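Presented below is the structure to which this report refers.
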Ligand SMILES: Nc1ncnc2c1ncn2[C@@H]1O[C@H](COP(=O)(O)OP(=O)(O)O)[C@@H](O)[C@H]1O
Ligand SMILES: Nc1ccn([C@@H]2O[C@H](COP(=O)(O)OP(=O)(O)O)[C@@H](O)[C@H]2O)c(=O)n1
């Protein structure tokens, strides 16, 4: 997951390959609650790992359920209709799928068994209405108090003074959020133990019916057969009891699929994009996004648990659609509208106003930012594609879906934008709510023109602070990091292990060409060995300095370095990054510091690692290396003509990082 302040998504051209979706948030949290309420163990496979499921898991644990995780699976031992913990303070973040059903379940449980519970979340959660659900629960005798503003969390739930009653005449509004009805359906089987059935009537036209359909299907998997009279009346039979299905697999998230269906609908590339985890058989309403994408021109095939999508008509056909049944995925349609020939209109989206943010306002502002003409009403949005695309820094309002759907704006070339533009996503971490690795998944299937993938190079003499600066800058930008010195050091280590003479250029080049080198999160691997520590040895650095003077060795190591040039961008440090390996780099920094400073830094660095060192010999050695690097016939170390010269002798590390980031920012269209 990217936890940077912003992520610049370069102009993207095509998609291909396979993407596996994380589990559905809606299914995950429903299944977790049901598993928590029934007796015995339920093993849930494919559960979404995200902020919203995490708060639900923590709440269940706090309420006395046993939660065990093993790999991708989670095993829940439920409370079986009892209430082992009678008091709890539950923080539910911004997870509506946890707040609503837990309110209902705890209100009913506390009414039957007694107890005192507090439910609260982040500030935005305290602005999301829950009054209709509370009214319905109060009407059957539950005790729920508002701690602050009436109608909104935080809530306090307590014992019911006169028990539950009027179970046969429960009323709930259905026209604001279907989550209130879902919450009641999930919780009310608990109220039927006394021998009465529970009958719910919906006031107003029920929105998001497919979500309620999903609730009913999942209840059935847990042994609860709800009788339904259209979408207006629901009856839970007397003495209903949750029965664990023992094992259950969560479908991939259909809303998450929408970003990839959308990408494949607009991106070039003859191959289809395969999406696994959700298919045309899905129980999720947002799978209807497939029909909308087809109507706009996408070619979609699919079966049970898979989809294959390719571009059909482009520009897309504009769409005029009532989105009541796919409120979440409809946001993706709003961005796809940028790729249509004419104005698209999405209606029936009043519920957008009470989601993670006011999504109608948010989408309108951000679509305009990149050049679209947008008109909104209380429950609709109309989007006309940009006459001229602009590079936008998209605010995400702590709303995962805003972040994900605007990533599609990076395909602006496919809409004819010239030049094609990157898109900046502010606070990309918000995707953690439902799809923590969304951007990694996107970069795994999307391709960009090499010239569009930005590179920042940092060259300079030994111990000038290149590695330190490069890794800090890469971390701030969310870019890949190439420590090219480590590549030369790995070749030196391999040569030393194989006993190859440091002057035998052909043998060294042969060895370098066959180097089995892998840089991973788990370290640097040479063949089967983790060599991170060995590479830092001074003797290996010294040998690297010598063998790096051989032209054929340099050539043999070129491909390993070029392979780091991947989405979303690269920071590369070395001697010839800006001059030879990445001459098209957008920013080339040449970092220097006085020899005395550098010797001192290297000395401290070695001592802090517990390696003994002598400052005079270090200085002599680094001056010898400088001389060799500067005088060799190929790729001598020198600044590129267009390099930014930075002498950091008197700068702190933070100051150097800030200076380089400022120079970088000035070279982006967001500067
Ligand atoms: N601007 C700076 N001011 C002070 N010390 C620095 C600065 N930049 C780097 N250092 C320190 O100097 C040492 C050598 O830096 P390093 O990044 O390993 O250099 P290089 O990659 O150029 O060989 C490190 O211990 C680092 O913390
Ligand atoms: N792009 C590069 C990177 C390193 N090198 C060589 O590889 C050696 C080891 O690189 P490094 O950056 O890890 O080492 P230091 O000299 O900074 O300790 C350097 O001394 C350079 O001679 C190179 O020639 N070209």
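The backbone N, Cα and C atoms fix where each Cβ goes, glycine too.
Marked as active site, proton acceptor by TrEMBL: 328. The phosphoenolpyruvate binding site annotation in TrEMBL covers 25, 96, 128, 179, 359, 401, 433. Residues or ranges marked as 3-phosphoshikimate binding site by TrEMBL: 25, 26, 30, 177, 178, 179, 208, 328, 355. Taken from TrEMBL, the feature ATP binding site covers 460, 461, 462, 463, 464, 465, 466, 467, 468. Taken from TrEMBL, the feature domain 'Enolpyruvate transferase' applies to 13-442. Under the heading domain 'Cytidylate kinase', TrEMBL lists 457-663.
When the recorded positions 30, 178, 328, 464 are screened for a Cα within 10 A of the Cα of residue 401 (phosphoenolpyruvate binding site), the ones that qualify are 328. All chains included, 19 other C-beta atoms sit within 10 angstroms of the C-beta of residue 468 (ATP binding site). Looking only at the domain 'Enolpyruvate transferase' (13-442), the predicted model's pLDDT averages out at 95. Proximity of the recorded positions (30, 96, 208, 328) to ligand 1: a Cβ under 6 Å from the molecule is found for none of them. With respect to their backbone Cα atoms, residue 128 (phosphoenolpyruvate binding site) and residue 208 (3-phosphoshikimate binding site) stand 17 Å from each other. Most Cβ neighbours within 10 Å among the binding-site residues 30, 128, 355, 359, 401: this distinction goes to 401. For residue 355 (3-phosphoshikimate binding site), the nearest neighbour among the binding-site residues 25, 179, 460, 464, 468, judged by Cα separation, is 179. Just so you know, of the binding-site residues 25, 433, 466, the Cβ with the fewest other Cβ atoms around it within 10 Å is the one at 433. Listed in sequence order, the binding-site residues among 30, 178, 401, 460, 462, 468 whose CB lies under 6 angstroms from an atom of ligand 2 come out as 462. According to its DSSP assignment, residue 179 (phosphoenolpyruvate binding site) is helical. Comparing the binding-site residues 96, 460 by how many other C-beta atoms lie within 10 angstroms of each C-beta, the top residue is 460. Counting only same-chain residues at least 6 apart in sequence, those with a Cβ under 8 Å from the Cβ of residue 178 (3-phosphoshikimate binding site) are 206, 207, 208, 209, 211, 212.
Nearest in space to residue 466 (ATP binding site), taking C-alpha to C-alpha distance over the recorded positions 25, 96, 328, is 25. Take the CB of residue 179 (phosphoenolpyruvate binding site) and look out to 10 A: across all protein chains shown you find 24 other CB atoms.
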